Amino acid sequence: MAAEEFTQAMNGVREFNRLQGIDLKSYQCETIFVDPPRSGLDSETEKMVQAYPRILYISCNPETLCKNLEH
């Protein structure tokens, strides 16, 4: 699932068929895994990711990785 889609699902902005019957907010997750596109995380996803104490971030672009880490 794309980071933007996950953010929309978590914020209740959009529903996805593949998540039917799954209440994402009922899970108590402490770690999030992100594998953003070369352009990096969008601002809404950056905000959502900051709520997690542990972030696993895979990057193919060191410039956008640095930009995302600054936020």
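Backbone N, Cα and C atoms are what each Cβ position is placed from, and that goes for glycine too.
The following features are taken from TrEMBL:
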BINDING   D35  S-adenosyl-L-methionine binding site
ACT_SITE  C60  active site, nucleophile
ACT_SITE  C60  active site
The residue listed as 'active site, nucleophile', number of other Cβ atoms within 10 Å:
10
Are there any residues at least 6 positions away along the chain from the residue listed as 'S-adenosyl-L-methionine binding site' with a Cβ closer than 8 Å to its Cβ? List them or say none.
Y57, I58
